[in-house]
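To start, the structure under review is shown below, and the notes come after it.
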Amino acid sequence: MHYIILPEETLASASSSSDSDTGGASPPPRKKHRASAAEGAGESGDSTVATGLSGVVLGLATTSPHHQATSAIHFNRTLVNNLSGNNMQSNGAGQGQDSELSCLNSAQNGESSSAGGTHFNGLLVSTNNGNGVGTNNGAGPGSGTSTASGSEVGSMKKKKRLSQSEEDVIRLIGQHLHGLGLNQTVDLLMQESGCRLEHTSATKFRNNVMEGEWEKAENDLNELRALMHSPNAIVRMKFLLLQQKYLEYLEDGKVLEALQVLRGELTPLKYNTDRIHVLSGYLMCSHAEDLRAKAEWDGKGANSRCRLLDKLQTYLPPSVMLPPRRLQTLLRQAVELQRDRCLYHNTKLDSSLDSVSLLLDHVCSRKQFPCYTQQILTEHCNEVWFCKFSNNGTKLATGSKDTTVIIWQVDPESHQLKLLRTLEGHAYGVSYLAWSPDDAYLIACGPDDCSELWLWNVQTGELRTKMSQSHEDSLTSVAWNPDGKRFVTGGQRGQFYQCDLDGNLLDSWEGVRVQCLWCVGDGRTVLASDTHQRIRVIDLCCEFLFYRVQEDHPIMSFTVSKNGRLALLNVATQGVHLWDLQDRVLVRKYQGVTQGFYTIHSCFGGHNEDFIASGSEDHKVYIWHRRSELPIAELTGHTRTVNCVSWNPAIPGLMASASDDGTVRVWGPAPFLDTQNCSNMDS
């Protein structure tokens with residue numbers, strides 16, 4: 001007798017159908033065993049085969065020897081029938097299995113729903129009493145099936161723990177979406193991420209302020225007190241609230257209520273009494289328009305309350321309530337930082353984010369920079385010592401050793417220059433030019449041995465004044481007073497004068513040897529570089545002199561930025577130096593330029609005066625970004641020393657240089673520049 005070891009479950013099932021008590025063996029079971037629906041359609045075929053085989057094998061194990069042959073025949077027939085029956089059911093069972101997988105997948109993808117559904121990262125998962133996912137043709141879960149449980153799906157869909165920076169980003173996005181009115185989207189974002197846009201007390205406070213519920217807003221402040229870092233913040237915030245309440249009462253004509261707020265609520269705070277006195281004066285306003293004008297207030301409504309909230313939020317920690325429009329502020333700062341780091345950015349700064357693309361980094365091309373010769377002016381017949389654009393950028397004046405000054409007109413469209421008029425009669429040549437603040441007059445000075453200066457009417461071309469105090473004078477430099485009615489002039493021989501438009505002497509100083517002059521915007525202070533390698537400050541009212549800058553080598557020339565803070569010096573044998581006049585420190589030494597003992601004039605230029613340009617004795621024009629010591633451009637074309645460079649104050653892409661080669665070169669962006677293909681990523 002052959003024994004086959006079977007699992008206990010199969011033995012138990014088989015023992016119930018065997019005839020071990022009588023000693024005889026009944027025929028092996030021929031009826032096909034179907035798995036119940038509860039066992040799972042996906043395993044019904046396998047269960048049928050296993051059950052049939054179990055019965056047959058057990059029957060063989062319990063029969064007597066003379067019946068084994070007959071039993072073997074029955075075993076073979078039963079095996080064939082079971083296999084064929086399993087194949088007949090395979091189509092139906094396969095469909096049941098596919099149906100179950102489809103239901104599982106649809107439940108995990110949020111396509112099915114039920115009353116007891118739960119959210120996992122925004123996807124709705126259908127559960128069956130928390131024990132399974134999906135259904136099997138309406139039948140409950142069986143002991144023989146293997147399905148994904150709700151806990152397993154939750155484990156698969158378990159949300160990642162967010163870092164602090166990730167939570168901050170989500171809050172910033174939520175605040176921005178809230179400002180756009182997408183409140184439902186914000187709610188879903190906060191629910192799915194598990195973050196909180198702001199503290200619940202802060203939300204109540206915001207709503208009460210916007211609705212004008214001032215008493216409730218004051219109560220909310222008491223709840224926010226524990227969340228604040230500064231104990232004095234509550235008093236300041238309450239003062240702002242009561243001020244808004246007071247103004248709204250006045251606008252509504254409720255004078256008694258407003259007076260009660262002023263006396264009974266604002267004054268007891270004992271905060272900012274000066275402001276309380278100003279507020280009390282608004283009681284005299286006869287109508288609402290007068291109140292809004294005097295208080296510089298938008299009036300009762302959403303606008304003024306939004307402004308009030310912006311002020312109130314500054315006292316709350318960002319963990320409680322985000323600062324107003326925080327995402328826009330960060331993006332604007334990022335754009336400005338990229339612009340600051342862009343070496344060739346030379347366009348007007350726009351604080352609005354609408355003018356740029358946030359999808360690309362900001363990059364400006366060198367082709368947009370004034371690095372290319374647009375025009376060569378050859379009307380002078382000798383060395384050109386000086387050039388200067390007018391303050392409005394519409395004209396260029398050039399002075400030459402040929403004793404002439406030429407006024408050039410700048411075309412506003414093509415930026416081409418054409419000769420407007422020639423001013424003649426400067427016997428010693430013209431080494432320095434100065435436009436009046438209104439560009440109506442132009443003063444011309446000569447070299448060291450010249451004792452005269454010429455004041456020209458630019459519009460008519462007439463000489464208004466030819467000034468000469470003494471033949472021993474050396475008037476080589478001049479500077480206009482900001483009022484346009486006076487100017488100062490001097491030279492290295494020790495004469496220093498202040499004159500009016502007719503050349504009348506207003507003041508004079510002896511022993512002040514100057515190389516270059518500049519009038520400060522206050523109208524009473526003059527900066528003068530002297531022969532002691534320093535820049536002195538001269539007070540025209542009290543004649544007080546002191547030095548501001550001290551160099552180790554002669555200062556050949558200097559110019560000052562529009563805001564009066566920075567001075568750009570051309571120092572003999574050293575090059576170009578940038579000084580901070582207020583802090584009296586050397587900021588930067590620019591490299592590359594060749595500077596000997598020739599007088600070379602440099603300049604600030606570009607939008608916001610971010611660039612510096614200078615001529616050089618190596619026949620080049622050098623351009624630096626103000627924050628970089630190395631040049632960003634070296635312009636070639638001149639054949640002799642470049643004496644002066646002038647940047648157009650109105651057209652940042654236009655620059656002129658004067659040289660000993662007798663020419664004036666006009667520099668601009670690359671010709672035929674295709675703005676659609678340039679590298680500037682500004683939209």
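Backbone N, Cα and C define each Cβ position, glycine as well.
The region 'Disordered' annotation in TrEMBL covers 1-48 (among others).
The compositional bias 'Low complexity' annotation in TrEMBL covers 1-25 (among others).
According to TrEMBL, the feature compositional bias 'Polar residues' maps to 86-116.
Among the features that TrEMBL reports, region 'Disordered' is placed at 86-162 (among others).
Residues or ranges marked as compositional bias 'Low complexity' in TrEMBL: 121-130 (among others).
What TrEMBL lists as compositional bias 'Low complexity' is 144-154 (among others).
Marked as domain 'CTLH' by TrEMBL: 198-257. When pLDDT values are averaged over the domain 'CTLH' (198-257), the model yields 90.
The annotation repeat 'WD' is assigned in TrEMBL to 377-411 (among others). Residues in the repeat 'WD' (377-411) partition by DSSP class (helix H, G, I; strand E, B; coil) as 0 helix, 19 strand, 16 coil.
The list of residues near the repeat 'WD' (423-454) in space but at least 6 beyond its ends in sequence, with Cβ under 8 angstroms from a Cβ of it, reads 382, 385-388, 390-392, 394-395, 397-407, 461, 463-480, 482-484, 487, 489, 491-492, 501, 599. Look at TrEMBL and you will find 423-454 (among others) tagged as repeat 'WD'.
Annotated repeat 'WD' per TrEMBL: 635-667 (among others), in sequence order. Sequence-distant neighbours of the repeat 'WD' (635-667) (same chain, 6+ residues past either end, Cβ-Cβ under 8 Å): 346-347, 368-378, 380-389, 391-394, 396, 398, 400, 410, 415, 417, 598-607, 611, 613-617, 619-623.
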Tertiary contacts of the repeat 'WD' (377-411) (same chain, 6+ residues out, Cβ under 8 Å): 417-435, 437-439, 442, 444, 447, 456, 458, 461, 601, 640, 643-651, 654, 656-666
Tally of DSSP helical, extended and coil residues in the repeat 'WD' (423-454): 0 helix, 12 strand, 20 coil
Helix, strand and coil residues within the repeat 'WD' (635-667) as assigned by DSSP: 0 helix, 16 strand, 17 coil
Counts of helix, strand and coil residues, the domain 'CTLH' (198-257), according to DSSP: 48 helix, 0 strand, 12 coil
